[in-house]
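Encoded as structure tokens, the structure appears first; notes follow it.
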Amino acid sequence: MTTPALSLDKLNKSFGPAKIINDVSLDIAPGERHAIIGPNGAGKSTLFNLISGLYTPTSGTVSLHGQDISDMPPHEINKLGLSRSFQVSNIFTNMTVRENVRCGVLHSMGQGYAWWRNIGSNKAVQQKTWEVLEHCSLADKANVPAALLPYADQRALEIAITIAGGADVILLDEPTAGMSHSETARAVDLIRRASEGKTLVIVEHDMGVIFDLADRISVLVYGEIIATDKPEGIRGNAAVREAYLGDEALPEEVTA
Amino acid sequence: MNFRKTAILAAATSVIAIGAASADTIKMAFIDPLSGPFGPSGEAAYTSFQLAAEHINANGGVNGDMIEVTGYDNKVNPKESLVQLQKAIDDGARYILQGNGSSVAAALIEAVNKHNARNPGEEILFFNYAAVTPAFTNELCSFWHFRFDAHADMKMAGITDWIAERDDIKSVYLIGQDYVFGQAVAAAAESQLAEKRPDIEIVGNELHPLGKVKDFTPYIQKIISSGADAVITGNWGADMQLLMKAAAESGSDVPYLTFYGGSKGAVSSLGEAGIGLLYQVSEVTTNLEASDEQYALIEEYKERFPDYDYYYHRAWNAMDMFVAAAEAAGSADPIPVAKALEGLTIEHAYGSATMRAEDHQIQQPLYISVVSDDVKYGVDNIDLGWKLVDAGTISMESAEQPTTCEMERPE
Amino acid sequence: METIVFGLLNGVSYGLLLFMLSSGLTLIFSMMGVLNFAHASFYMLGAYFAFTITGSTSFWIALFIAPVLVGLVGALVERYGLRKVHANGHVAELLFTFGLAYLIEEVVKIVYGKTAVDYRVPDLLNFAAFEIYGATFPAYRIFVIFIAIAMLVGLWFLLKRTRAGLIIQAALTHPHMVGHLGHNVPFIFMTVFGIGCALAGLAGLMAGNIFVTDPAMAVQMGPIVFVVVVVGGIGSLEGAFLASLLIGLLQNFAVGINASFAEIFAFTGLSPTSEVGDITISSLAPVLPFLLLVLMLIFRPQGLMGEQEL
Amino acid sequence: MSDATQTFQNLAPSAGAKFRQRTLPILIFAACLAAIPMVGPSRTFYTIAHQMGINIVFALSYNMILGKGGLLSFGHAVYFGFGGYVAMHAMNWIEDGSGLWAGFPVFFLPLVGFAGGALAGAIIGWPSCRKAGTTFAMISLGVAELVFAAAFMFDSFFGGEQGISGDRMNGVELFGLSMGPISEVYWFIAFWTVVGLVGMWAFTRTPLGKLSEATRDNAQRVQFIGYNPQRVRYLVFIFAGGFAGLAGGMAAVNYEIFTPDAMSLVPSGFVLIMAYVGGITYFVGPIFGAILLTYMQSMLSDFTEAWLLYLGVLFIAIVMFAPRGIAGIVFGIWDGLRGSNPGQYIAGLLMKLAGILLMLIGLIVLVEVSVRWSNGYGEVYEPFGMHLGHQNVLSWLIIVVTAVAGVALTRYASKDKEAA
């Protein structure tokens, strides 16, 4: 068996008396597109924060390509090839779109904390920045200040920064939240292209997106994974139906 | 107030000003704080110099030339002082008056030395009226610097002389600010007392950070429990006032011998509690016997500048000595004036004063006085004022201190 | 023994004065996030207003009117100054109060003159309360302790026993939530700012005659207030109370210790004539609070009793 | 691929634009500096110009952490001071001619200052840069108090109240400058001002410089692109300390004396005001601020003793009404003039200016009349031969009328603009 790209082992997280994540174990294979769904407050964002290093687990481990990353700070984890996006746009508001993406590119291009180089004269950085911008259809807005971007473009930029560093494990937290239908379609297309050959973990509420993209789906309810299966399996799972009852649209209804 | 062309002067001396137009003007630059927290101390001296100049001009000036004293606000900052010095030189000033802050005075002495070395023919002189660090007329002495105030060791000699005569004082407590000046005061007190009254015990030698203490009560209680018969302090500014307030409040009743008890606001902030508690050593107090002319001057000053008291008698001494020197030399140029000042003796309202040639340190009697309600002139616009204590007159000879100065003089 | 008694007495009276001054800032800072640089300026205004009112009527009238006046000035500053700047973030607010401190000092100089005013302890309280070990303890300081405790009780009652207090308390710990409760947040802010300033004014009224009432008194007191608030912790009046007493006692006890570094660190072979060896604990007393501030922020940023980090 | 290469290059500003926006202003600045001595300026002019040069570098270094790094510091003068003190000691070693220092030209002392400031930044920054925001601000305040107190305890380094002084006319002469006369020191100051300016501008173009801005905007996100924000802050802080030290080294050579005052809270507050008034969101902002405030500090006190009051009013006005500072105003006007309707813009602008001018007149008369009344010397404010005493109805008439008219005019102008 190959080493999973991302592996969670009996992960727990408590805030005081409140247990938010409860004994979560999950293996995600390299190249898999894995979706995590669940009702509001199930702990999806907390799970992402645990994986990406923003929180340290109360117990249990997170491994990236077999390496334990549970106690690492976010930037170390990022260097090992894991990158994430945020539910609320988390961009560098006072910089232009191009500069935003360039910041994301810097580290992977070996620029480190350099203070002796001119950022503008490195061809490789410019090249890569342009590629990412082009990839995310942001090239024509390259010199617009990020704060002035329309909402959908800010979300695209969010993804652009996330993939800019070339990480091979990508975590996307509700990338299409608040988008219109056409914008969502564009975003899904972008995500599909961006995650080509990479491992993707995605949290999403839009079931259309999930069933369109995901190879496998995990359902998180009250901090516990109640099911992990292929989309068809999840669709037919009674426990999942139970958990979602009265909460959100059922998977079948949106497949059309 | 426009410091460059003060309206008071303009109004008061308009007649003279017309006469002055034909004569030359001798420009003096008063470089001291005129704004900010130390503004009042600068202004009290500034007004004194201005009034002194006004009187000299009214009496025909210096060799027929008029004196103009112009204020430059240095915010008691050495660097800003150097900026203002350059402005003053540009404006044609050849005489610099300064007194607040030893750090400023040190910077100015250095700067004046360098200026005179680098710009021959454009020499300037520095009249220091209040910066009392002894080094300025010892190892740091300069031909271009004249001090018109007794330095710290001389003042300490006055205090220790007085203590030496008081057999009831058996122990002394020293308290001061923790920096060069405070440390020098403490060292001088220790060595002089050891020499004059070896039997006196120094029961405390306390240094507190400069300008940081808000409540001196714990210090006072240390003093009280040490059983000291007298306290000596070189504190100034808020440190001085807060110390004395805490002393009065805690019922301390031994003499507090100070250098700066006479500074503005100290007496009024203590009120009646200061009587018999707060002592100062100074070159003069307004309640000494003097001529009617001098009394008239004190009253004129008070009327013109109601916020301040006649305190800087040394401003008059400095100006009178300058006039005498310029007239003796027949010129108001710095080098001849400096040479004429060396060894010059003048008679002023309260006796005589001599500018010692070796180190340019004024020599004069000192007086120990105490706050009293039985005085001719009060201070801070209240009825309390300074009264000479018994055996409080320290002769010029007693106050005189040796100097290590080796001065380089120009040709 | 006497060192301990004196240390305690002075430490407590100074500490309570500090608490009176800094409790207002704790309220303001916790709720509005504004680290009010001008807080000590309101303390100064309290002293000057008290001086004026005492001059024309009596100290006892000033005791009630001066803090109210200072509070009104504070409320006006909040309404017409701070609120405008609020949109530009906390740095802008902080800088606004920074400039305000400059401005208040200069205006005070114009109105009251540049030198100290003669603001006295009222005659009624101007006597020695008792004497121990040869030093007297002034009655006025006991009065200060009494007023500080009365203020403490009043504040406690206001916060724990009234509806307004409950809202303020909620706002202290969860500043973002209050808006959702449907309360008029700008009005609450203005009121809290006003009350905070009034408390500072009260402290100025009480301290102005013990210390010196001059235009420099704000600058002298300013930094120490921050120390109290930060060490005490955000949102915690109890913390501010503890920190005030701690700093009061720390400063007073340190003054009594004559030991020098050379004596304390003798085992390291530190020479008593070296510059480091020569430093005594008592000479360090006034800077100890700042050392405490820095260490606290590095090792325990939430302060003694605070719940959030700064 | 060649197509792609072209495209990505087109994203960046063209070479011409780069020259216009980046190189040209610096060349113009340098040319102005070079031209100044030709008009034969006075000693005062030189002195103030030197002070401005030092403050420009100092304020720019402060803006590295405030404007570009988002860190509010109340103790930046500490690094200025350390740099200055180290340079001052080095100047004395040059005078002693001991060892390596014998061959070190005084002209290069600012480099020593840079090293001193950077070292102090490296030591003090280590604990304090772990936090940002208010925590950082408070630590900087505490550190500044502690360092200032320490300056009076360690005389061998700080020289106590009188500080350390030296003589710059020693050591190896460079470029034929004896460094004695003030006009020769001018070239020294001008050279290092340009070096500091170019150096700090270049810093904003490095990866670290960009990361500093990114950390200011969003420290959390920086973590997720592989960088440690604490380390970014720390490195930037060291550089800011270094450039502050450079300014300190310039000051050491210019004044030949360094005192503990230079590291107190007062200059730390002053540099904050300089940077903020100038405009912290623009690179050039602090330069405007440094020039204006240096002038105010050294010259305005000649005209009015209430200069601190005017300074306070200016600062508050900037914080409240022009948070982007003087640079923001200047560039705003520039944009307005190049906008769609410059005529209307100018009309509105003039109306606003007239309003501000009127308010200013009211303020000045009020302040000056009050100051004279407060002093009690019986002095009277007499602008343009008018006799404005505090009992003169005319004084109060001027104050009220100008203030009301000014407020009304500016309000009208702003409303007009919104409507348009």
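Placement of Cβ uses the backbone N, Cα and C atoms for every residue, glycine included.
Record features, source TrEMBL:
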- C:12-35: transmembrane segment (TRANSMEM)
- C:47-73: transmembrane segment (TRANSMEM)
- C:85-104: transmembrane segment (TRANSMEM)
- C:139-159: transmembrane segment (TRANSMEM)
- C:187-212: transmembrane segment (TRANSMEM)
- C:224-246: transmembrane segment (TRANSMEM)
- C:253-273: transmembrane segment (TRANSMEM)
- C:279-299: transmembrane segment (TRANSMEM)
* Asked: Which of C:12-35, C:47-73, C:224-246 shares the most C-beta pairs under 8 angstroms with the transmembrane segment (C:139-159)?
  -> C:12-35
* Structure fact -> Among C:12-35, C:85-104, C:187-212, C:279-299, the stretch with the most Cβ pairs under 8 Å to the transmembrane segment (C:224-246) is C:12-35
* Could you tell me whether the transmembrane segment (C:279-299) and the transmembrane segment (C:12-35) are in contact, taking contact to mean 3+ Cβ pairs under 8 Å with a sequence separation of 6 or more? => no
* To do: State the residues, same chain only, that lie 6 or more residues beyond the ends of the transmembrane segment (C:47-73) and have a CB under 8 A from a CB inside it; answer 'none' if no residue qualifies.
  => 108, 111-112, 117-120, 122, 124, 194-195, 197-202, 204-205, 207-209, 213, 217
* Asked: So which residues does the transmembrane segment (C:187-212) touch in its own chain, when a touch means Cβ under 8 Å and the partner is 6 or more beyond its ends?
  -> 17, 20-21, 23-25, 27-28, 31-32, 34, 36, 39-40, 42-51, 62-63, 66-75, 77-79, 82-83, 116, 119-121, 140-141, 144, 147-148, 151, 155, 167-168, 171, 178
